[in-house]
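Copied from TrEMBL, the annotated features are:
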type	residues	note
ACT_SITE	A:5	active site, nucleophile
ACT_SITE	A:606	active site, for Fru-6P isomerization activity
DOMAIN	A:5-220	domain 'Glutamine amidotransferase type-2'
DOMAIN	A:288-427	domain 'SIS'
DOMAIN	A:460-601	domain 'SIS'
């Protein structure tokens, strides 16, 4: 759903400048470091671009407005070359005939650049994008469409482009290869955007481009082709989604709002799938019991927070279904030649359904003959469209860069899947499954009770905000939870935090434990409780200041730690849904205590649609 | 081989004090934070103990020597309670009748302590050890041996003990449960020690105690029993190992010496197993080709550095043998109820062969019916004795806490195993196996050439020594190597360093990349080279100062990084043996630049024989 850079394009009868600026503003929350627009007027493409926020760009256009009814705009999140005026988009060729905005990476840009430099082209920026403008100029044959087709053949990578030129000012071209792009269809005007909100106030009728497709827009028409030139017929999508759902509902930040939406997200994700103690996914998953029985191996593939959900998925599926599960980082999985057979079930997890590495893994797994089940939060996303089976999370739009409600909803989807497989395959006694299915719906209220009582977490957050380094430790199912808690804290507080399987600290990292360093220790797993207390005593003995997080009613933890918070009691298998909540709050309050813009941490984008 | 705490005991006709102090000195390099001795004289056990180095203890005994011919000594590495005079061993009961030294953990000590407190006992320290002394006093029935047997029944955990009392000054008792302990047999004198070097100048005849066994020593006799009282017959071991091999050979530190011993360790580990392009392990591995064919799953289980070798083992075995491999941290594996069947091959890796969690995993896997293959560096270690199959690394004694030559030797053992399995099972064409087997012996010379040219690494080390945080990144087989490089740096330089799969940085941790932060980037894997360069450009764009490590002859890396070093070209599969060498040197020189005692980093012990 959410591109790394924002792209907007307009062609019609209104002034383009403000439509482009407004569109970019709608994409602002995804993070960017510079912005720019190009507007066509009287034989020229005039550009304004600058490092910094949109307000800086607005100052430039206020001083010297760009007139014209066709143009493109861009918010940039640096990949090649640092944030600067020169590196901002749009980029142009030397003759100022072509203007380009671009999301993604041209992997072979250095080769193309050297080739063009030999031909005498000089470059104004460090970006891969500028290379495209010069390449188009070099290849131009009098027809923008065929020129773009030729250029695309030379470009390796993953990208989305919007292209204007001065020779054919009656058209805009959009190209998608592995980076989201849509076309909005209006009345006497048409739009390009990297995501729907950018154009929602102008039209609700859109075409979603697929990989390897391009669109040619005039003010009255939109034509879709493959980049080979074959015409494409696509159904128009009518968007009913309401832009207002993305508002903050009175919370100071989207992240805090989304943390508090978790009881609802959990309820919504459970609803209609869980009835009278039985999980039924047969309406969503088309695999028959016979087909399900054939799986002898599960691979879970994801990135970032979703990868942490996958680690918990391994425990859940292995313990309930007794099929071996391997969990992989998507960017590694693709290139390690995994052992895939038709009896491998590959589960990919992506909130946006557009995470580039995860999507690539999905495609390779399908190609290798494996069956792919996608867990995603966005209807109509690439994962939702391309996976053989889809299990939706119903968390609603997630805006904050740091994922919270999408993550807990992914966990719920995993529990549902594990329980469903266990029931269909008969791998666990009914009464054991019943115990879990009865505990699941209680999680929503339990999360709520944790959210209501966050005073001590906030106090602890204010303490750790003074530190530059800290550790998280946990064993068993607490281990993936501390990985997630640590990532959350890193993302939005910039504290160097590392999470460890508590028993592993002794094998090297204990050297970093010194007087006063905060250690956040999870101890919710009954089976390893005593071992965990021993690990806590180890770091205490070296001077660590320990926050212990345990279960209500287990009173011995507070004897061993400096500060102690609890979560309500539930089955050991389900604790991750509860124990992550205080860690989300900890990250949030630490970030605000350090005066950081929680929703827009530096260097990060909401979803990563380049590799 | 190497216990966490050091234990020495003496009973004979000589003055015990100096024999105990000398023995402790021989164990010094394993790391400790306090030391103490107790010597019997004239109805009393007199104790000297102190926080700090052995020289501090020596000052106490110089001022006020302890006379007597029986005693026990200890170097402590804190687990329960911080390093302090009170927490040092030996510990005594309130009546000063029993004196104890202890290695390991009594897991239920809080329960026993509370019970004894209710009976009126008061405690002088925070340790679990002191509880044992009071428990012996409470249970004493006039016979030390039967009293110890009763006490052991109450104590849960993993430990080794040496015990003296004033009522029976003609004997010493030693007990082993999952923590190494030996008895040395002399002429009119006998010894207890946690490891052989402690007593090597007095005797070369030793009994190695097994778990659940105890020894009763008088000056003329040694008797072995199980802790249930059943007599044990044990062959005496005659030690031929030369204490002088553990010297530093002119290097400033053991670690540097061991880094330079790697060409030899690689050669020795390959020798006799690799002939005319064919790997033959049939003299060491008793599994028949038919038995080998039956394996459909491999689990690799290890801790710390050996775990990183295991991660590389996964790639090696999966690519050569096409059997799915799961790699687990031993402390997690034991408690996660892994799916084990008779067709699972479990590979455990431990330099010392005594790593407590690894050993426990080995035992559980055997109990579950899996076949276990141990890779270890110590003949006669618990792993070597208990695994079904053993593949030795021939790295020679490793003294430095930070493992180097043992690690590269483990990698060599893994390549040999992968090649052997692939040949026996016919999973790869002969010529492909030949390509690898021919490249293997060249690694030794290639490592040597890297060691000879370390000037730029040393210079970079001096730079990063100024920093408190940095990152390592890599993809594919470079990823486990950066994990190892990062651990090495953490262990001995105390710099907060985290290693990332480069494609995963974008999913959160990129927030921590700020102007000037050092990033060490490995780019030795051809298949992901361009992706890796893109990741390097990402961190560069955010101001990181990048050291790139690539292959000789791939010249494009230096265009993208700030500093550039290379390793000789080899197969992508084999690069980990070479690429880790500059990272070991980097850790070493960073540590010395920071003025840290490389061989004895704070908080760490050479091998971890408690959980």
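Please read every residue number as a count from 1 along the shown chain.
From the backbone N, Cα and C atoms, a Cβ is placed for every residue, glycine too.
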Confidence summary for the domain 'Glutamine amidotransferase type-2' (A:5-220), mean pLDDT rounded: 92
Per-state residue totals over the domain 'SIS' (A:288-427) - DSSP helix, strand, coil: 65 helix, 28 strand, 47 coil
DSSP-derived structure type at the residue listed as 'active site, nucleophile', helix or strand or else coil: coil
Chain-internal residues near residue A:5 (active site, nucleophile), provided their CB is under 8 angstroms and they sit 6+ positions away: A:32, A:74, A:75, A:76, A:77, A:89, A:101, A:102, A:103, A:104, A:194
Summary of DSSP states over the domain 'SIS' (A:460-601), given as helix, strand and coil counts: 74 helix, 30 strand, 38 coil
